[in-house]
Amino acid sequence: MSTTAIRRLAAGPGIASIYSSSLAPASKNSALCSKIIRKHGSIWHVRHLAIIPRVPNRKHSTIVETENLEDPSIFTPFPRVPLGPDSVSGSTRQYFKVVETEFEEPVSIYAPLDTFQRRHIGPNKEETQLMLRSLGYGSLDAFVNDVLPTNILSDRKLKVEPDNGLSETQLLARLRTIAGKNKVMRSYIGAGYYGTKTPAVIARNILESPEWYTSYTPYQPEISQGRLESLINFQTLVTDLTGLAIANASVLDEATAASEAMTMSLASLPVPRQKRPNRTFFVDSRVHPQTIAALNSRAEGFGIRVRVGDALDLASVEKLGQDLVGVLVQYPATDGSINDYSKLSESVHKLGALLSVATDLLALTVLKPPGEFGADIAFGNSQRFGVPMGYGGPHAAFFATSDGGKRKMPGRLIGVSKDRLGDKAYRLSLQTREQHIRREKATSNICTAQALLANMSAMYAVYHGPRGLKKIAQRVYGLARILEEGLLRMGFEVNPGNKPSQANFDTVVVEVKDAKDLAAKFVEWYGINVRVLTSQRVAVSVDETVTQQDMQDIFAAFSAFAQKNPGRPKWEQFCQEIAEDLEIRPDHPAKLPKAFKRTSKYLEHPIFNSYHSEAEMLRYLHHLQSKDLSLANSMIPLGSCTMKLNSTTEMIPISWPEFNSLHPFVPLEQAQGYKQLTTELEADLADITGFDAVSLQPNSGAQGEFAGLRVIRAYLNSIGQGYRDVCIIPQSAHGTNPASASMAGMRVVTVKCDPKNGNLDILDLEAKAEKYRDALGAFMVTYPSTYGVFEPGVKKACEIIHAYGGQVYMDGANMNAQIGLCSPGEIGADVCHLNLHKTFCIPHGGGGPGVGPIGVKGHLAPFLPGHPLIKTGGEHAIAPISAAPWGSASILPISWSYIKMMGGRGLTHATKITLLNANYMASRLAPHYKVLYTNNNSRCAHEFILDLREFKETAGIEALDIAKRLQDYGFHAPTMSWPVNGTLMIEPTESENLQELDRFCDALISIRKEIAAVESGEQPREGNVLKNSPHTQKDLIADEWSRPYGRSQAAFPLAYLKDRKFWPTVTRVDDCSYNPSSFGMLELMRATAFGDLNLFCSCVPVETIE
């Protein structure tokens, strides 16, 4: 390149850049040049120039790095305005001052300045222009035209209002008004949801802490030990209280857990019994009604009959014989009654089936645990352990089983293992059970948990300890006894049907003349909600929040309907007299019947007996969170996960009592704020996706898939085509897709993808559609594809499916690349789920919560999910997918806030920036790594794949080694070995600025140098810095150091790390090595991992881990 080919562009002190007016690239990937440029008296060294492959009819516009000669180790293809060392990253590289952003110019002196878009979107206007020029473009629109196919790109403007978005102050003011429409009353409805006192130290330091709520699922255990330990605490809590051997790290809600128990019971039967045509799951009539409804939804796809009856009538169970799949009971029951199920357990086991028990953790601190009367599975909602009701969620359901069921148990399981130095370490265990490996053979599509809420419940138990929990339970039971006795004195018939030997834990059932009238009067007179069971029965459930004044008000309200009207006594005295007569005091709690009283100990581990002061609890929480890498530390570039900013303003409202204190079954007139918010959110999501209707009920992406497929099946049944049960799924699909299809009762047929470009094989798709033309029900497709490319043939694929009578289901995992530029509805999809915890800013929470709403075309809208207690869904609604009518309702304000603050314009711009960030990073890394799968213009979508397979041959280095080495650089690894074995899939989001993108690129480029040192023989193939990564402080301060690299190289390979270092707290954890074959089919290659062969899933002493 001649010097005349280079000329200066941007003005301003310290800015140097070059423009290639007529250059052709020297190679497909890059060309390098090195020049000295003098600018305003400073000497700058142009270290690296990346020339992007030629774009037809466009000149190459390339920005180059300018850096101080004193720091030759850092190279980035951009100039920087000298600002001194960067205080955030510690890099000596210099970055631009913020000149302006796309949204910064106010239109009026009265316009607010606290606009949100510029806070959410990382790159400022100058950085955006520089990235565009580095890629050879003069505008964002020109760039987008090369990324999206012309037949996909839409010119439809989003209707989200206001178009420019609300400011942060405006947003909170508007949301306050909406929240004020919710009437927070005293709810004693029960049915699985109860008032609780969230300790302030837990609320502030977990629920409201970005270090806890912005982390990802702990797939990288070395930088996740804090929340892994907390989840081990949760599992210990569950196993101890249920009396069962093993528990998972939570599932989505109690109704989902019941469904998982049913399918696990089926999978535990001998194969011939699994296939019996009359296989039946028996459900006791005293199980919560929302649970029974959800069971019906899940049972249909598995061909299971759900029979509801009296499980204590053993003859009705035994007559099912070999058709019995399993039995489910509630303990305590939905009416509060405590029943003896030991004989039932014997009968069920004689028939070779499993007994499942839905239960309550607080009750189990005083009641005999299910494991002691023969239960095989126990599950329930841990909500009353410190998690607000939140109008239905999110809450962490728990799930425990006997040791024999551990390999069939759904969900994530945390186990104890060892690291490279032999120290104790936690990690995910037995992952071969999960859908990402078993795919269509899985009995569950669960791919997430409720980790954040499980952590809250675990810490509630840690904070109170076993004695504190028992006192709470004894108080609740005592209040229920006082309530029962007081109502009896008023002449009410209480707990009808109970035998003298029975008891009720927290719920009292009362016979009345008109239940609905009484419930309405309670609300009108005292602001109290009770549960209407039948036309002549109500139930009152007490909890730890109930005060003496509350009890007085309940008695006063009932007195108006009493047969023995006590007049208007002093209710305080009335309450005191009953407590004294029953001899119920803190030092003399109410006595349970001996048959139900717990005698076994629980929570004896020091963890639950050490942190009972706020100071100690605060330090313990800080100790745990300091072990974990989150978005508070650095970008988390996980492909297909969209780890974008979860802004503080979005998160603030989830702590407001108007949103988090409502019971999900309160009358709708008490939830008008939620009604407005959900209506607006549904309308905005429908506009964004191009659909006609939306359901917010599914509480995860996988549940959204299941819901969407169930809706399709219901529609096909309605038009007399229920026989259409084939679901065509690409080889590259997420593992949840085939698992969800199987759960919906569909047969999975796989369609090929082109191994060269990753695109769907249209010819194979058409051939499969023709072959199954009479049975084709659905086609599941992810867009952009799981390979990170906007496929040009997706519209053609949709047309083929429709031509053969099928419906198109679009997986919305990659929706962050579509908003404002295209939409599933316009592309041709009939239904699509969204991940609000990806695209719409609900935090991942270390592995949950999530929300997976579905959008549908008009012909599918009548079949959207309903609910047995609150009217939701369409005219012909399918059975509910979740326990609560609107799923995890209390976190919906997060996504509503994001959409309203971004506005239609901001949402569209964010999409463009996420595409730009990904393509910029791909271009920076292309000279050093092979980039798989781009379109005809050499462009990726919002994510891209680096092919690392060559390094296994040249240096003995695998993707796992690079992933672990990135931890030494302060980063969470990208998605590893998916969707292609031996690769990393990188997804930056629009929230990351140029500085952070460069920091990550610098890390990977530096790692490439380390690989080169192995390739050249300078470093050995074993025992090198990558193979020994990550490095802990303990590792580095060892007295002896005989490694072929220095300690400084291990810990501080780049200069910024000396000022900003995140330390892994364990070295590489002994783990299973998974080898995904082509297109993500995972196979277990080494099953000797310590943590799987020596499975500990609860707190164990260190000396046990040998």
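Note that Cβ sites are derived from N, Cα and C of the backbone, with glycine treated the same way.
According to TrEMBL, the protein has these features:
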DOMAIN    910-1031  domain 'Glycine dehydrogenase C-terminal'
MOD_RES   LYS838  N6-(pyridoxal phosphate)lysine
In the three-state DSSP scheme, LYS838 (N6-(pyridoxal phosphate)lysine) belongs to coil
Would you list the DSSP helix, strand and coil counts for the residues of the domain 'Glycine dehydrogenase C-terminal' (910-1031)? 53 helix, 13 strand, 56 coil
Tell me the Cβ neighbour count for the residue listed as 'N6-(pyridoxal phosphate)lysine', meaning other Cβ atoms within 10 Å of its Cβ, over all protein chains shown. 25
Report the mean pLDDT of the predicted model across the domain 'Glycine dehydrogenase C-terminal' (910-1031), rounded to a whole number. 98
